[in-house]
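J.: Take this structure first; my questions come after.
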Amino acid sequence: MVELEKEKIVWIAIILLIIFLVWETLKDLIAPIVFGMAASYIAYPFHIKLSKKVGKRNSVLILSGILSIFSLIFFVGVTLWITDTLKNLYNYLDAFFSWLSTLNVPGFLSSLFDALATSFPEKLRSILLQYTLSLPKLALQLIVFLAVFYATLLNADFLAKEIYELLPLTNRELGEKMIEKVKDTVDAILKTWLFFSVVKGIFLALGFYLFKISNVAGSIAAGVLCIVLELLPVVGGWIMWLAGAIILLRRSMLLAIIFAIYGIITISPIPDYFLKPKFAKERAKVSSVVALVGIFGGWIAFGAVGIILGPIAIGLLLALIDAWREIGTKQPSKAHRSQDA
């Protein structure tokens, strides 16, 4: 018995040591790993359609190649314009939060906006500066991101099967429900909220640059702020194209009208009413408050990777609460059991 206890202690120590070493190895790569998996999840439907025409491996190679090009553009952009972009972004954020404080919104939103006004700019600064101060580290993380994307997309079916096989036989229903809850949350956050926000931010940045409202750095900063605004309730990216149209109005009425039409078609409200519902109709709905708290709470707590981890954590908590309620309704109360006896 003593020998068994000693052996158990040794194995526990070995397992803890392995976990510690793995964590120390991966802790600086958590963000690219999570984002690589998230990108593969978004790309999976396109991969399925493309693989029917060119084959599974060729489809993965094509999508990985496209993502590699965008990653290279991102790296070059960070190298060339990050300092000026940060300056412009701080100016935009300061003006935006000053305007936001004048809105008459519910108390919990007002508190959230105040918290964002104090923490968001500094959090953004710390995250971006750690890359600008170490471009080799950023390059390494992009390589890891692309490698994870390729491997996850190539083995997506196998990984999905393995996840379900790892579920314990006892309370398997709870495990499956939690997986479905994570899937619903990730679908709503990645394939609807974040996807549309990023696309709108890209269109706004292009519009600001093509219409010469700002330089490259200022246009990128405007696109980033558009993404942030799209994630907030009440407000949205329309504020940015409206601001751009007002700036153009001082130069040319015609340019201001054309840019306003461009903003209506590519940013808001046309995409919100005609495209977004088509993407979201087949997916479970996630409360906008839950998504908002998850995204920005995750951002404040974990940095950029918290945008994904925050909503998933809240989704899992809600799944556990639902399961607890179901168990409570299935089990009769003590009083009821005593009456039956």
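The backbone N, Cα and C atoms fix where each Cβ goes, glycine too.
Taken from Swiss-Prot, the feature transmembrane segment applies to 10-30, 62-82, 93-113, 140-160, 193-213, 227-247, 255-275, 289-309.
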J.: Give the nonlocal contacts of the transmembrane segment (193-213) in its own chain as ranges (CB under 8 Å, at least six residues past its ends).
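T.: Answer is 42, 219-220, 222-224, 226-227, 230-231, 237, 240-241, 244, 247-248, 255, 258-259, 262-263, 266-268, 271, 275-276, 279, 291, 295, 307.
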J.: With Cβ distances under 8 Å as the criterion, find the stretch in 62-82, 227-247, 255-275 that has the most pairs with the transmembrane segment (289-309).
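T.: Per the Cβ under 8 Å count, 227-247.
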J.: Could you tell me what the rest of the chain brings near the transmembrane segment (62-82), counting residues at least six beyond its ends with Cβ under 8 Å?
T.: 39, 43, 46-47, 50, 54, 128, 131-132, 135, 138-139, 142, 145-146, 149-150, 153, 216-217, 220
J.: Where else in the chain does the transmembrane segment (227-247) make close Cβ contacts, counting only residues six or more beyond its ends and a cut-off under 8 Å?
T.: 96, 100, 103, 105, 109, 120, 193-194, 196-198, 200-201, 204, 207-208, 211, 213, 256-257, 259-260, 262-264, 267-269, 272, 288-289, 291-292, 295-296
